[in-house]
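**Q** Supplied in structure tokens, the structure appears directly below.
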Number of protein chains: 2
Amino acid sequence: MVNVAIVGLGLVGSELLAQLHKTKNHALRVVALTNSRRMLLSDASYTPLASTAATALAASESATSLSELAAYLAASLVPAVVVDCTSSDAVAALYPSWLRAGLSIVTPNKKAFSGDLELYNEIRSLAAFANGPFVYHESTVGAGLPVLSTLSDLVKTGDKVVKVEGIFSGTMSYIFNNFSTLNTAGEKKRFSEIVTVAKELGYTEPDPRDDLNGMDVARKVAIAGRLIGVPLTLSTLTVENVVPAPLRTVSTSHEFLTRLPEHDEHFAALNAQAAKAGEVLRYVGVVDALEPAHSGAKFVRYPAAHPFASLQGSDNIIKITTERFPNGLIIQGAGAGAAVTAFGIFADLLRVQERVGGL
Amino acid sequence: MVNVAIVGLGLVGSELLAQLHKTKNHALRVVALTNSRRMLLSDASYTPLASTAATALAASESATSLSELAAYLAASLVPAVVVDCTSSDAVAALYPSWLRAGLSIVTPNKKAFSGDLELYNEIRSLAAFANGPFVYHESTVGAGLPVLSTLSDLVKTGDKVVKVEGIFSGTMSYIFNNFSTLNTAGEKKRFSEIVTVAKELGYTEPDPRDDLNGMDVARKVAIAGRLIGVPLTLSTLTVENVVPAPLRTVSTSHEFLTRLPEHDEHFAALNAQAAKAGEVLRYVGVVDALEPAHSGAKFVRYPAAHPFASLQGSDNIIKITTERFPNGLIIQGAGAGAAVTAFGIFADLLRVQERVGGL
């Protein structure tokens, strides 16, 4: 039995709630929900909240207080997990206090695992005990794809991870899979056109520059690196910004998209150069465990036969090279979206449930 | 703390012992080893066996008695796991008695999970408790690739697995990746030549017909199917036998290999037909959850752009299609060999260790 609190009831939090209710897993009981304004705590006997709880949250008159939430969870004899479905730095900063209160944490929020190393190390040391509390964050990299669990297993069983290389951003994947292909059928689309369509499809952040600047990929590189013992930080990682320099400072995303066509020729030329060599353009993240300084978020070319070259849609693909897998262990599939992100969170919750199962 | 007994000290068992000793994970202590003749039990205080235990086993004067082994493990207050590194039906038949004695089981032995459904269901029902004993068998499919754990997570979180399709045999992978390629450079090799080289490289069973008959793939299909709730059995699965009919009854593998060139034209013709359509030949396993009767081990063709077509070496590749992953979640990498098989076993042992961690 595990008490579950969901902090942040946006797309992912709501989908998780739906998945939890659908499976009728009675060992994971949702007893608290919060969004940025309101909070809903189950009664003092920690009765599970019904599947209509999202509606009840909207009607709740309690203002959100994360310290009150933590105290409520810690007061139960039943172990509890806080699921942080925000992308907030402020919430991430609370993890140490939650862990000290014995609360486990499961989250797709990248901030704590890619930001300040001191916070990161504090979290790791507070979650280093066999009987909990536990921290799982599979969905911070590749959403529900089993990337971090596999890296963790490789490390714990004594394998040497040499390199982790991949297309970690669904947005970058969509843009370059469509822009740069060796398939000669059909007319070539302009770069600006593809970015505009990606935004219309909801594949980008509200301002597509927040994807194209490479910072999301850099965060995932830092997370994967730290997990295999390479203490990467955003400030020292090499991050290539795909946004043309003159457009980095324009104030609105509308202006950015309006002026992006001025740079279509630049991207078309890069594409043509690559095609001439039988290659395609891809935006990848790299953790190089042997030469950590070569790690980063990079705009590079791959030959047609490489698995990254034939990627489709907005899939992620991650290649892990180790002593035991010298030719690589590859994991590929949808790496963004509420359903697969919530799946990754749910799978992490099952780990916590299993680990406290005997209690 | 978990007591570990390794049954069967061949290539995989020895590699596992080496990996366990190398990581200095003191929570998993190897206290017993057996091969088909001898047995080595640690003393009554269950002191861990040293890394030289394999030598000590060879010198042991105790005859192997698996019932004595089970009694020895069950007598400790520390939870225990039996790691079955044999491929024996007789050992698999003992699992229910071990589970009844409270012993967990981790194994790459496919027999219990692909054979008699009654044995399978008995094992599942004895391993259905949150506080153990536990059964894990990741290495029965794709060796250390995270295939079964991912399928299990998908099912437990309420996803609907529609199809599992893949190249599950390293041997079949090697043979057809080399025989059937759209790469026109270099001369085409004869089928018999590739099979002979595969045997020389140690990629096949002593008699390559034991790979080419498709039964190994069929077993993996049954295992994956059962895990997602499709109760497949070897006797009802469609299994295509690639061994030419006249060679199925010849008595020795030597005679088989000597006469295989008589059938090179047959395979070359199939290959040419496929190539004409821009396709390649591959031997795959399929679990079709919607039409279970379409499940099986099949010799089929894939277009050049399909991920199965560009596979290299002896890699496995498994594509899982679900409601949440309509375009597939793909896992690819080395799916055979002692190092990666032992890795899969070790990762399973970590699951058991985590689940009894608080005790």
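Using N, Cα and C of the backbone, Cβ positions are placed for all residues, glycine too.
From TrEMBL, for reference:
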- A:8-130: domain 'Aspartate/homoserine dehydrogenase NAD-binding' (DOMAIN)
- A:GLY8, A:LEU9, A:GLY10, A:LEU11, A:VAL12, A:GLY13: NADP(+) binding site (BINDING)
- A:THR86, A:LYS110: NADPH binding site (BINDING)
- A:146-350: domain 'Homoserine dehydrogenase catalytic' (DOMAIN)
- A:GLU205: L-homoserine binding site (BINDING)
- A:LYS220: active site, proton donor (ACT_SITE)
**Q** When neighbour density is defined as the number of other C-beta atoms within 10 angstroms of a residue's C-beta, which of the binding-site residues A:LEU9, A:LEU11, A:VAL12 has the lowest density?
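**A** Among the binding-site residues A:LEU9, A:LEU11, A:VAL12, the lowest count of other Cβ atoms within 10 Å belongs to A:LEU11.
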**Q** Return the residues near A:LYS110 (NADPH binding site) by Cβ distance under 8 Å, restricted to its own chain and a separation of at least 6 in sequence.
**A** A:SER87, A:HIS137, A:THR140, A:ARG219, A:LYS220, A:ILE223
**Q** For the recorded NADP(+) site, whose residues are A:GLY8, A:LEU9, A:GLY10, A:LEU11, A:VAL12, A:GLY13, find every other residue on that chain with a C-beta no more than 8 angstroms from the centre of their C-beta atoms, and list them by sequence position.
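**A** Once A:GLY8, A:LEU9, A:GLY10, A:LEU11, A:VAL12, A:GLY13 are set aside, the remaining close residues are A:ILE6, A:SER14, A:GLU15, A:LEU16, A:ASN35, A:CYS85, A:THR86, A:ALA338.
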**Q** Using the alpha carbons only, what distance in Å do you get between A:LEU11 (NADP(+) binding site) and the residue listed as 'L-homoserine binding site' once rounded?
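**A** Just about 14 Å between their Cα atoms.
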**Q** Looking at Cβ-Cβ distances, which residues of the chain lie under 8 angstroms from A:GLY8 (NADP(+) binding site) while being 6 or more apart from it?
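**A** Listed in sequence order, they are A:THR34, A:ASN35, A:SER36, A:ASP84, A:CYS85, A:THR86, A:SER88, A:VAL91.
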**Q** Report the member of A:GLY10, A:GLY13 (the binding-site residues) whose C-beta atom has the most other C-beta atoms within 10 angstroms.
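**A** For the binding-site residues A:GLY10, A:GLY13, the Cβ with the most other Cβ atoms within 10 Å is A:GLY13.
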**Q** Residues with Cβ closer than 8 Å to the Cβ of the residue listed as 'L-homoserine binding site', same chain and 6+ apart in sequence?
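**A** Counting only residues 6 or more apart in sequence, the Cβ neighbours of the residue listed as 'L-homoserine binding site' under 8 Å are A:THR171, A:ASP211.
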**Q** Over the domain 'Aspartate/homoserine dehydrogenase NAD-binding' (A:8-130), what does the predicted model average in pLDDT?
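**A** Mean pLDDT across the domain 'Aspartate/homoserine dehydrogenase NAD-binding' (A:8-130) comes out at 95.
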**Q** Kindly report the helix/strand/coil residue split of the domain 'Aspartate/homoserine dehydrogenase NAD-binding' (A:8-130) according to DSSP, in that order.
**A** 53 helix, 21 strand, 49 coil
**Q** Provide the number of Cβ atoms within 10 Å of the Cβ of A:THR86 (NADPH binding site), excluding the reference atom itself.
**A** 21
**Q** Give the number of CB atoms, excluding that of A:LYS220 (active site, proton donor) itself, located within 10 Å of its CB.
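**A** There are 28 of them.
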